Structure formats: C-alpha cells, structure tokens
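What TrEMBL says about this protein:
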ACT_SITE  ASP13  active site, proton acceptor
ACT_SITE  HIS41  active site, proton donor
ACT_SITE  LYS139  active site
BINDING   12-18, 40-42, ARG304, 330-332, 412-414  GTP binding site
BINDING   ASP13, GLU14, GLY15, LYS16, ASN38, ALA39, GLY40, HIS41, THR128, ARG142, GLN223, THR238, ARG302  IMP binding site
BINDING   ASP13, GLY40  Mg(2+) binding site
BINDING   VAL298, THR299, THR300, GLY301, ARG302, ASP303, ARG304  substrate binding site
Amino acid sequence: MPALVLLGAQWGDEGKGKATDLLGGSVDYVVRYQGGNNAGHTVVVGDQKYALHLLPSGILSPGCTPVIGNGVVVDPSVLLSELSGLNERGVDTSKLLISGNAHIITPYNVTVDKVTERFLGKRKIGTTGRGIGPTYADKINRVGIRVQDLYDESILTQKVEAALDVKNQVLTKLYNRRAIAVEQVVEELLGYAAKIEPYVADTVLVLNQALEDDKVVLFEGGQGTLLDIDHGTYPFVTSSNPTAGGACTGAGVGPTKISRVIGILKAYTTRVGAGPFPTELFDEDGEALRRIGGERGVTTGRDRRCGWFDAVIARYATRVNGLTDFFLTKLDVLTGWEQIPVCVAYEIDGKRVEELPYSQSDFHHAKPVYETLPGWSEDITSAKSFSDLPKNAQNYVKALEEMSGAPISAIGVGPGRDETIEINSFL
Ligand code: GDP
Ligand code: IMO
Ligand code: MG
C-alpha cells in the first residue's frame, strides 16, 4: 500500500505538520499537492520548533524526498527564504523537487489579494494575503505563470504582459492604485530562476515511477476539508482542493494508487478568518481553548476562533474524502474540563439535522445540539498507549470515533514527535 493522503478534516491547523513529520521517517516521498505559503505547519523535533509554509513537512526527515506538486502555487521569494532558513539550521534541503507545472505567485497576485480584501470591507474572506486566490484565478483564466516559464524570457515577458493588461486596468481604474510595470516583474522573476532551477523536475513522472517501484508516497494536504473550494464553506474557503481528490490532480497520480486517506482531526475545533462556525465559543471556555491550545496562526499571527468538537463536520470529512483513518490531535488540551460538550447534530429552523446541510444559508443558521461527556483531570502527555489514558479520556475518544465514521488510529497528546499514541499502524 504505497500511497497515503494526509489531510485536514476541519478548517485547517489540525496538526498536519506534526503528523506528516511523524510518518516522514518511514516514507520515501512527501508531496504537497495544493495551496501554497498560506499554510503554516508546525513541527517540533526535540527542542527544535520549525514553522513550514510552502515546503512539505517531510523535509525534516533525512531519508525522505520532499516534492512540491503541480497543484501548488509557489511564491519564489518565500521558497528561497524558507530553504535558506532551514539550511542555516543545518537541514539538508537538496533533495527537494518542484513541478515545472506549478504556478508562480507573482508580486501582482499578492497586491491583488490585499486590495481585493480591502475593497470587500466587511464582506472580506480574511485571507492570509499571500496571493493564493488571485494566483489560482489566473491559472483557471489561463493567464498564469508557471515555474517552467522562468526559463524562457520571451515567453515569460509575453505572459506577464497578458496578465497585467487587464490587471493594470483594474488596479488603476477600480482600486486607484499605481500600474505595475511588466519589466519590473519579469526582472524580479528572472532573478529567482537560476536559484530554483536545480529543484525543477517532472514530478509526475518521478512519483509514478516511485509508486511502480513500491516506494511509499505521502501526500500532505494544506488547509482542511471545510476550506475546500468545492466542498468547504464557500465563499469562506481557500482557492484549491485540500480534499483527497486534490492529491490526484495536484500531483498527477491516479486514484487507483491511493490506498489510505488519513484525516487529521483536532479534539475540538478552530478556524481562522471569516465564515460560519456553529460550535464557536465566545466565553471563557473558548478563551481557555485558545490559551491552552496555543491557538494563534503560524502564518499570520491571528488568534484562531475556538469551539467544541463538531461530529457533523467529522462525518462530512469522512464522506467527501473517503477517510480510512483519523489521527486525533491535541487531546491533552482538553485535560481539566469536568464536562466536555460535543456537537452531535444541528438544529436548523427548529429541525434536528444529522448531516452538513448543502445550503449555505442553512449552515449559517445551524445551532449545535450538544451531548456532554465527562472529562478527566490527569496529565496525559506521557501516555504511550490507549490503556494509559484515563477511562474518561478513552471514552471521549471512543465516542468521537463512533460519531465520526472512521477508526481513530493515532492520538496526539502533545506537540512533540513522540507525544503520540499509535493504535493502528499507518504503514
Ligand atoms: P497544521 O497547519 O495542521 O500543521 O497545524 P498547525 O501547526 O498550524 O497548528 C497545530 C499546533 O498544534 C502546532 O502548534 C503543533 O505543534 C501543535 N500540536 C500538534 N499536535 C498536538 C498535540 O497532540 N497536542 C498539543 N498540545 N499540540 C499539538
Ligand atoms: P494550514 O495548512 C487555517 C484560511 C484563511 C482564510 C481562507 C482563505 O496551516 O492548516 P487564503 O489566503 O488561502 O486565500 O485564505 O483560508 N486559511 C487557513 N486557515 N489554516 C490554514 O493552513 C489556512 N490557509 C488558509 O484564514 O479564511
Ligand atoms: Mg497551520
């Protein structure tokens, strides 16, 4: 069973970085298939803490080849500074492979992201301001710049011209900004070309050959299921497909190759940016989850919105991703609550609803129906097996598993690699 997908089951920040890093030592390739440096994946190795944005979390495992797939959007300046930051800390990044088909986040995409959000005012999405949405929009509009374009100056100039033709009209006439000069953009992008060239590869060929050779490939999602452009809480979503299908299109690997899909699931819920969130807490419990869980964005430093576990969302994630397993994270954060509410269904206009409503208006009105489970007060951070957990913590995990529709195969009890209870092996 060579190919696994690991993805966020909620609104991102579930602990994907830690889970990927944990498996990184046993896999041959770790592949990002969508998103870009809007992601913030924290990995804690011993006393060292790393914050990865664009690079796959497998980059910290020496035997593992990290891959940036065709579905990712790449900001070259971020890529180079992330690489040099790791090099300065003694991490070897020379094995990195980048798809020549991946799209480039240009400086004008970042500008458009920021001015659009400002223009939206109260209706803003709360994006990370990294140019993600505008870059994917250019890709779909067929005016995007790809990594391979950096190696043909004439093509690059023509493409930047085509993209800026319309954008400069919008920037100057609608947003009252200065026009962006084609030459300046081309010059900046060409400045990155030689530094990136050693990493550029036909990643589709490499990955498919690796799978034929029975190598183990792990696809690491950014963001999460509810931030998916098709299956998330649109329009309060990111502009790519973090769900399992995205791994196929974003890496050029057929669905028949994927044998396991692991959903990373936080033991409570968080969200950054705008959009509906039925179990959000505005009281001291929400404040306590934020404080104890350290719920502050890795990329933008924004406080994360916090709430109780939502089983309706977990069931939805199981369905749209075909999850085979869950990795439950941050169970330790819940230590100390006497009672822990869990959302088992919604009430929408007086009716009990068991599944996520397809209508956005209904979801905005959804009120959580809670069941309360007894909590525990014992420290669980050094638990190594399921039976080490206090009875009430075991029961909390079992209840979540039953409600969520897939087995919980690992439990995080702390941020470190070894602060994990493995129940079923992933490999
Ligand atoms: P990602 O975007 O899904 O990789 O998650 P983030 O790194 O943005 O946020 C998860 C945070 O939780 C990070 O600070 C991790 O170090 C931390 N973390 C991951 N798993 C656990 C866990 O089981 N317990 C605790 N206490 N922290 C965890
Ligand atoms: P990781 O991989 C949490 C959110 C933003 C915003 C929306 C759109 O660390 O889980 P974008 O800049 O992508 O156009 O913003 O998506 N968002 C995330 N929220 N974790 C992330 O990544 C996110 N990446 C984007 O806050 O609401
Ligand atoms: Mg994150």
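Backbone N, Cα and C atoms are what each Cβ position is placed from, and that goes for glycine too.
Heads up, TrEMBL stuff is auto-annotated, nobody curated it.
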Next item on the list: From the binding-site residues GLY40, THR128, GLN223, pick the residue whose C-alpha lies nearest to the C-alpha of VAL298 (substrate binding site).
Entry: GLY40
Margin query: Just to be sure I understand the contacts, which recorded positions have a Cβ under 6 angstroms from any atom of ligand 3? Candidates are ASP13, GLY15, ASN38, GLY40.
Written below: ASP13, GLY40
Note to self: Please identify which of GLY12, GLY15, GLY40, GLY301 has the densest Cβ environment, defined as other Cβ atoms within 10 Å, among these binding-site residues.
What the structure shows: GLY12
Check: If you measure every Cα to Cα pair among ASP13, GLU14, GLY15, LYS16, ASN38, ALA39, GLY40, HIS41, THR128, ARG142, GLN223, THR238, ARG302, the residues listed for IMP, what is the largest value in Å?
Finding: 34
Next item on the list: Counting other Cβ atoms within 10 Å, pick out the least crowded of the binding-site residues THR42, THR128, THR300.
Entry: THR300
Checklist line | Other same-chain residues whose Cβ falls within 8 Å of the Cβ centroid of VAL298, THR299, THR300, GLY301, ARG302, ASP303, ARG304, the recorded substrate site, in sequence order | finding: GLY40, VAL272, ARG296, GLY297
Checklist line | Closest of HIS41, THR300, ARG302, ASP303 to LYS18 (GTP binding site), Cα positions, recorded positions only | finding: HIS41
Next item on the list: Among the recorded positions LYS18, ASN38, THR128, LYS139, VAL413, name every one whose Cβ is found under 6 angstroms from ligand 2, counting any of its atoms.
Entry: ASN38, THR128
Note to self: Going by a 10 angstroms cut-off between Cβ atoms, which of the binding-site residues LYS18, ARG302 has the sparsest surroundings?
What the structure shows: ARG302
Next item on the list: Mind running the recorded positions ASP13, THR128, GLN223, THR300, GLY301, ARG302 against ligand 1 and keeping the ones whose CB falls under 6 Å of it?
Entry: ASP13
Item checked: Rounded inter-Cα distance in Å - GLY12 (GTP binding site), GLN223 (IMP binding site) -> 4
Checklist line | In the chain carrying THR299 (substrate binding site), residues 6 or more apart in sequence that have Cβ under 8 angstroms from it | finding: ASN37, ASN38, ALA39, GLY40, HIS53, THR128, ARG130
Notebook entry, point to check: Considering the recorded positions ASP13, ASP303, which residue's Cβ sits among the greatest number of other Cβ atoms within 10 Å?
Noted result: ASP13
Margin query: Considering Cα atoms only, can you say which of GLY15, LYS139, GLN223, LEU331, VAL413 is the nearest neighbour of THR300 (substrate binding site) among these recorded positions?
Written below: GLN223
Notebook entry, point to check: Near GLN223 (IMP binding site), which of the recorded positions THR42, LYS139, ASP303, ARG304, LEU331, VAL413 can be found within 10 Å, Cα to Cα?
Noted result: none
